[in-house]
């Protein structure tokens, strides 16, 4: 009847009591019990909208969407081919009209069809058929065909991850352009600029001959699984895989296909050979006590070890492979704990792991989500960003979140300011424990930052522009731009990273409602970075303070003096550390920090309301990026590095980042003039730029312009707009997207221990709902043009501009912000 495996069955009838009294009901009860034993719930309900909608809502809390529910209609209306669905919630169920179940003896009965449908589901479970996914477009990314040229991009997009391990979405069989890979955050090999993420053993490979020529692959965001289905008249191959959210390091997959086409092959294989990458790497594999093992170890003690087992079942024309793998950050081979986790996964079985995993993802989405009823594409794109942020930043001990997360090896997995300023502010509103782990990554490398400061004759701590395992600078000294080998000076001059690290710690503590961290465990990050700036600043004869020879966020302009972004962030760093009181430093040192902060120049011109990006920027050629080409624009490639360096075209938001990170340090009313001036000059040549610019435009009450840049940010990976997504996803863009929605359109900020809400929706959006964590609370905001509805799971102080703060408990409706109110 249906070539799909259902995860739940709902039987609807005109009268459930009469149905229960029928003699055929014993067959229904027996089959329901057998299905319950294999985790498929069967419920009998009256044929009415409300009970069906309630049952579907309850199933959704376990990660079972309507597309996974078999709805067997045994009501009298089901005999009509044009019968209306049982409410909007039931429209996407797998609906089969079996015929009336409580009809009289002389009338056609739906019982044979009902029992046959249940028997079919029992057979599918017995045969271990690959489970389906709910193909709801609001929750899924689909790729059709077998385009080899897009394969590496799809592998990045379809990455699955949890607990600091991630597997790229490669197809199971080997083939051109396929790069299967499992990575662990923070596990590197190599030294200096050559240090890069260490690929671990691969667990997803199968022998599939011939491979599908037509197929659909689906990433299900709601349940965190990757599904593959062959298409065509002779389609027989299906696979489903997951990286377990409930069991750290565990992954599982099921595949089905004809015995002549599908074979399991080895459960693990070593990563593809790369002589350059393999230098100093030891690898090995084998079989022991019924399981496969493989390890990859780098010089210095880091490594990844995997253990795996597989079970094969053949019935008739179908071969089924179940595979389980466990990953650990171990260099010396499998540990007893990893083997025990593998045995437990095997004993529980694939369906049990899948059910646990689905339910865990459902809990996540109940707490953090976005709903934009009038813009389903933006809604899905932001959900994808949330999904991949969870995959990239899933550890709670220490998390090294590189520029591409662990979805690929782009930028060698190095950690930039992307993690501190773009990813962490998003993650702290999703999972504060994961944000803590990102701060701990920096805190654990404070000694290396102290050594870097001392090496250049400074006090305190200077964090590196690119960091990996040790916290020492691993920034390359040269690279190619447009085919030309050019020097890379960011490691030498892009010093604002030091203030960015301190800012990230303060933001995480403030947003999550734990300011005590700043005078406790995290205090050294603020104090040592302030000491660095105090020793870095130069004072001129008039007593003004300067910071010379730096690179700001705009990397088109190098070796500049008095970068507004660098100076203002250093000023903020000094003031914030001084405000910690005696716990930070002695009175004299704190007073010196405050004095120095007050004397730092920032390039602000009260006459124009603008900040000069750096000393002399105003005298450069007044080119505007908007007059050259639509964004994103690699202006340094289009115009040449020298022409761009001599012009006012900038790579990304620079001065504007101050208004985003430290608006309290900028002049009141200066956001608008700086948006007007720098917006047209910004090429958005960096993936970091569009989403944050969108957030700022929304804050400045320009929501339609903000939406245009949000759409650009959504395209960067989903459409591979820059041609670089094959090397991994741009996790800073993902973090920026969530910031644009939460901080920009929803207007959420934390000020003085209260949550401030000042929404601004574009004309295309009649409503916006966001769910997130803030100030130790789970929060749901429903925003419309004239009203704000907030629900929390505990007392929360909320401030809407123009109105006094209120203490919200449970659910409350608040008035919209007053125009122009601070």
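Glycine too: its Cβ is placed from the backbone N, Cα and C atoms.
Record features (TrEMBL):
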type     : residues           : note
DOMAIN   : 142-255            : domain 'Glycoside hydrolase family 65 N-terminal'
DOMAIN   : 383-739            : domain 'Glycoside hydrolase family 65 central catalytic'
BINDING  : 417, 418, 651, 652 : substrate binding site
ACT_SITE : 555                : active site, proton donor
DOMAIN   : 749-804            : domain 'Glycoside hydrolase family 65 C-terminal'
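In this structure, the CA atom of residue 652 (substrate binding site) is 8 Å away from the CA atom of the residue listed as 'active site, proton donor'.
In this view, residue 652 (substrate binding site) is surrounded by 23 other Cβ atoms within 10 Å of its Cβ, with every protein chain counted. If you compare every pair of Cα atoms in 417, 418, 651, 652, the residues listed for substrate, the longest distance is 16 angstrom.
According to its DSSP assignment, residue 652 (substrate binding site) is coil. Using a 10 Å Cα-Cα cut-off around the residue listed as 'active site, proton donor', the binding-site residues 417, 418, 651 reduce to 651.
Sequence-distant contacts of residue 418 (substrate binding site), defined by Cβ-Cβ distance under 8 angstroms and a gap of at least six in the same chain, are 401, 403, 688, 731, 732, 735. Excluding 417, 418, 651, 652 themselves, the residues of that chain whose CB lies within 8 A of the CB mean position for the substrate site are, in sequence, 416, 422, 553, 555, 686, 688, 689, 732. Within 10 Å of the C-beta of residue 417 (substrate binding site) there are 25 other C-beta atoms, taking all protein chains into account.
For residue 651 (substrate binding site), the number of other Cβ atoms no farther than 10 Å from its own Cβ, over all displayed protein chains, is 24. DSSP states for the domain 'Glycoside hydrolase family 65 C-terminal' (749-804), grouped as helix (H, G, I), strand (E, B) and coil, give 0 helix, 33 strand, 23 coil.
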